[in-house]
Structures are given as structure tokens and as C-alpha cells.
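Student: The structure follows.
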């Protein structure tokens, strides 16, 4: 059984601090846009924040209800009220800090001890609590952070004037995405037996792969938005429909209720707009190749449209910088992707019999450890 370490505890504290700062930055940036008369930007910022908060609260409460089924209904009603006021995530952080502190500083456990051992039980509680937070942060990242990053980059490209708060919002978006994707991968590693630890080099390779591919795609969509906001919206809706349809065909089984399962699939469709996720834990070489090949074709197509449709814009320094950054981040992102899946992916370290049926996930593996919700969650 993987241990919850002091390093994990300090990362948890850092994640909570970034979460609180991120809330403050969102309202600060929205208020600045409002004061400048940019009401549409302010409303969009708050809408992204509100939508992500609403959906994460719904999933968080549903998980509490599933975990506490048959327990005191009074406590569950109190939890419902806290989630209703959009503060449910803080209950999860409190539980994670509580169990994490006990596991990291007060408990000593052996890897060979059974789960019935009190010390190992605390370890499992801490890991499960952090895993739930990481799953919710994946939702928040692609429902709020990534769209806000797209919005801020578009605003910077559209207007010559820039302000400090815009760079602050972009910085917080990058920090949020970085922390979310790395913590997610750490949780995935902890859920898989017979694998190597997620070392520093592995984390950086994985982080650069995700950040660079996402950045390149956001820059590409921003360039489309400069040509026509309507076309960019139609493209995003089309990509969501494709992702949602693919998710339906995968017959996911993440939620107990049908309504929650469809909400989950809707959110996955949004996530697939920006980044690839293997949601069934099956071999994904073909899917991931098609996914990023499409990104390459669309990105190059956008740049060619600018060159031949609006040649005058090529002389502008802004387009030159954005074009170079788009191509560079895409090329480097694909390189890091290949390196990660060739040398640092969890299955590189699994026994052959444990990895014969899947590349990214843990769903459906009888000889893998029981991992609760995570075994049916997004597998990357």
C-alpha cells in the first residue's frame, strides 16, 4: 500500500492555498473588468467560476451521499447546506488535512500490513480524501481554469493595452492547470500496483506534455476567435459534441445514478476539447494518435488561413510571436508526449499480465487494487 508522506501533506496545504488565492484573483480580475466597462469579460469570468463551482459541488455532495449511505441523515443535511453555499470543497480539504496529518506525522505503518491495521486504515483514508479532491480539481481545471486562460489570452491578443491583473490571472491559470494535472497523475500512480514511483523527472515530463499541448491548442483557438468569435464558438461546440458522443459510446460507469452519469459524460466532453483522456482504461494508442493528429492539422490550417486570407497581419509582431509560440509549444508538447508514454507511463513498470488489456486506466482489472471511485474515473 502506498504511504501518505509529509511531502504529500505539504503539497496538500499548498494546493489549498492556491485554491483560495485563485478565488480571490478571479473576483479581483472580474471587478477590474467591470470597473473599466468591460462587462462581457467580467460576466464570462464569473460564469466560468460559477459553473465550475456548481458542478464540483454537485459531484462532491453526491460522493458524500454515496460514502455516508445509511449513516446519520442530520450530518448529511448539514453537508448539503455547506455544498449549497458552494463551500463543500473546504469540508474535503479539512478531512484531507485531518487524515493527512495523522498519516504523515502520527502514524507508522508497514507496507505489508493489512488494511485492517489502524495505521494503514488512516493511510487509506488520507489517500482517498486527497484523491477525491484531485478528481474535483480536474473538473475545475477544465471547466474554469482552462476556459479562463483562453479568454485572457484572447483579450491580450485583441487589445494593445495590458494590465498587471491580466498577467496575474494567466499566471494563476497556469499554476492551477499544472497542480491539477500533476496531482491527478500522482493519484493514478497510487492506485496502480507494481509500478515505479512518480519521480521528479516523470512529473516534469508529464507536466510539460500537458501544459505545452494545452497551451498550443488554446493559442490556436484564440487565433480563430480573432478571425471570428462565432466560428470559434461553433468549433468548440462541435468538439464538445464529438467528445460527448465518444464518451457515450464508451458506456462509462462512474456514477451510481443515470442523471449523474450523463452530467459526468457532459463534463468529460468539455475536458476532451482541451486535452485527451482515456476514460475506460483501454489501449489508447490509436485514439490518442487521432486526437493529437487532429490538433496538428487544425493548428497548421489556422496558421495557413492567416497567411493566405489575411497576409497583412503577418507583418504584425503580435501574430509572429503567437504563431511561433503555437508551433513551438505544439512540437515540444508532442515530443514530451512521446517520451512520457515511451519511458515514464505507469504501464512501463507493470507486470505484463497486469497491463495486457489497458494502457492508461485501472478499470476492469481484477488483479489490481480496489481503488474506489478512482477505478471508474478519467484514466490518462
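Every residue gets a Cβ built from N, Cα and C, even glycine.
On a predicted model such as this, the values are computed, not experimentally measured, just so you know.
Take a look at what TrEMBL says about it:
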type     : residues : note
TRANSMEM : 9-29     : transmembrane segment
TRANSMEM : 76-95    : transmembrane segment
TRANSMEM : 164-184  : transmembrane segment
TRANSMEM : 204-225  : transmembrane segment
TRANSMEM : 231-248  : transmembrane segment
TRANSMEM : 260-277  : transmembrane segment
TRANSMEM : 289-309  : transmembrane segment
TRANSMEM : 321-341  : transmembrane segment
Student: Where, among 260-277, 289-309, 321-341, do we find the most CB pairs under 8 A to the transmembrane segment (204-225)?
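Tutor: Counting Cβ pairs under 8 Å, the winner is 321-341.
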Student: If we skip the immediate neighbours and take only residues 6+ beyond the ends of the transmembrane segment (289-309), which ones have a Cβ under 8 Å from one of its Cβ atoms?
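Tutor: Sequence-distant neighbours of the transmembrane segment (289-309): 213, 216-217, 220, 223-224, 227, 276, 319, 323, 326-327, 330, 334, 337.
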